[in-house]
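Working notes for the structure below.
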Amino acid sequence: MSKRRLTQNQQRRIKSNHHKKIAKPELEWQDEMLGEVQQGIVVTRHAKHADVETEQGEIYRCNLRRTLKNVVVGDQVSWRKGNEQLQGISGVIEAIYPRKNELSRPDYYDGIKVMAANIDQIIIVSAVLPTLSLNIIDRYLVICETAKIPALIVLNKIDLLSESERQEVQKQLAIYENIGYETLCLSADTGENMEKLDRYLSRGTSIFVGQSGVGKSSLINQLLPEVNALTGAVSDISGLGQHTTTSSRLYHLPQGGNLIDSPGIREFGLWHLEPEQITLGYREFQSVLGTCKFRDCKHKSDPGCAVREAVEKGEINAIRFENYHRLIESRDETKSQRHFRTEE
C-alpha cells in the first residue's frame, strides 16, 4: 500500500484531535490512550464503526471522529490504534484520504448515499430469471458512466438456458459489446466461465451491483468459499430474492484483486441526476450530441434531432434509445414525487 499525503485541513484536524480532551472517556478515546498515526483501508462499514485493515493485513474495529462523515468501504484512511481495547473498539479513524472515485445512489431518506470508494471496475450482475432486463442494465451503465468507472456486464445462471436461448441472449449482449462494453456469461452453480471472472477481478478493486436474486451471493460463495455469504431464496411469486448482505465489505481474492460486496439494490434510481447527465451516460450518443438542430433538443420528435437520425440509420441501437427515454420518464416521475438533499 503506497503512502499518500493528507491535505492541510486533514493534518490540522488530526493535530486538533491530538490535543483535545474527550468529554466522555468511557465511550471515546483520550489522546494518551492512542498510538501513532498510520494508514489503512476500510474493509467493513457498520452503523457506528468501521473495520480498518493495516498494511500488515491486521483488522481493527474503529470509532469515527465526530468531524468525519460518510466513511465507506474502500476508503483509504488515517487512523490510530488504542493502547488497549475500549468496549470492544481498537482504535479511531482520524481522516479520510482524497478518493479517486465513489459509487453513489439516491436515498429517499438520506439524499445522496455513497456506497463505496476507490473502485477500479463495477460488475453489473444480471440473470436470465425471472427475465433478462436490458433496461436495468442500462440504468446501471448510466451510473458507471457518470462515476467514470469501467463496467463489466455479467450474466449469471446461464446453465438454465437451452442452446437456442443462449444464442438469443448473446444477441442481446452484442448490443453492449458493439459499443465497447465487456460481457461475460457464467454460472455460479456449475462453475462455467468462473475462471474468466477470476481474471477480470484480478484487475483491481471491483464491486458487484445488481438486483436481489441475480446470484451475487452465490458468486461470492464460489469466489470465496470460506466467506460463506448468505444466499437468499428467490421468491416463487416475484422472482426477486431477499436482501442477504447486511453490511458492505471488502474481500481480498486469492487470485489477486479485491471485491466489495454491498447490500442488494432492487431499485437503483436515477432521480438525483439531471436529464443531461443521463444523456451523457449513453456513450454511443457522444458522437452526435451537439449536432441537433436545436440546442434544447429532447431527442424525441424534435426536428433535426441528430440522435434520432442515428437511430433511424442503425448507428444507435433502437432498444437502447427506447430505454433511454424510459429512464428519463421514470426519472421525471420519481423526481416530482420525492424530495432529497445531498450530503454536505
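Here the Cβ of each residue, glycine as well, is placed from N, Cα and C on the backbone.
Quick caveat, the model's predicted, so the values are computed rather than measured.
Under the heading GTP binding site, Swiss-Prot lists Asn156, Lys157, Ile158, Asp159, Gly210, Gln211, Ser212, Gly213, Val214, Gly215, Lys216, Ser217, Ser218, citing sequence analysis as support. The annotation Zn(2+) binding site is assigned in Swiss-Prot to Cys292, Cys297, His299, Cys305. Annotation comment: Swiss-Prot describes 100-268 as domain 'CP-type G'.
The domain 'CP-type G' (100-268) scores a mean pLDDT of 85 in the predicted structure. The most densely surrounded of the binding-site residues Asn156, Ser218, judged by C-beta neighbours within 10 angstroms, is Asn156. Packing around Ile158 (GTP binding site) is summarised by its Cβ count: 21 other Cβ atoms lie within 10 angstroms of its Cβ, all protein chains included. Here the binding residues for GTP are Asn156, Lys157, Ile158, Asp159, Gly210, Gln211, Ser212, Gly213, Val214, Gly215, Lys216, Ser217, Ser218. Their largest Cα to Cα distance works out to 19 Å. Using a 10 Å radius centred on the Cβ of Cys305 (Zn(2+) binding site) and all shown protein chains, the other Cβ atoms total 20. Report note: the Zn(2+) site is defined by Cys292, Cys297, His299, Cys305, and the residues of the same chain whose CB lies within 8 Å of the CB centroid of those residues, excluding them, are Lys293, Phe294, Lys298, Lys300, Asp302, Gly304, Ala306, Val307, Arg308. A count of other CB atoms within 10 A of each Cβ picks out Val214 as the most crowded of the binding-site residues Val214, Cys292. Closest by Cα distance to Asn156 (GTP binding site), from the binding-site residues Cys292, Cys297, His299, Cys305, is His299. Closest by Cα distance to Val214 (GTP binding site), from the binding-site residues Cys292, Cys297, His299, Cys305, is His299.
It is His299, among the binding-site residues Lys216, His299, whose Cβ has the fewest other Cβ atoms within 10 Å in the structure shown.
Checked against Cys305 (Zn(2+) binding site) by C-alpha proximity, the binding-site residues Gly210, Ser212, Lys216 yield Gly210 as the nearest.
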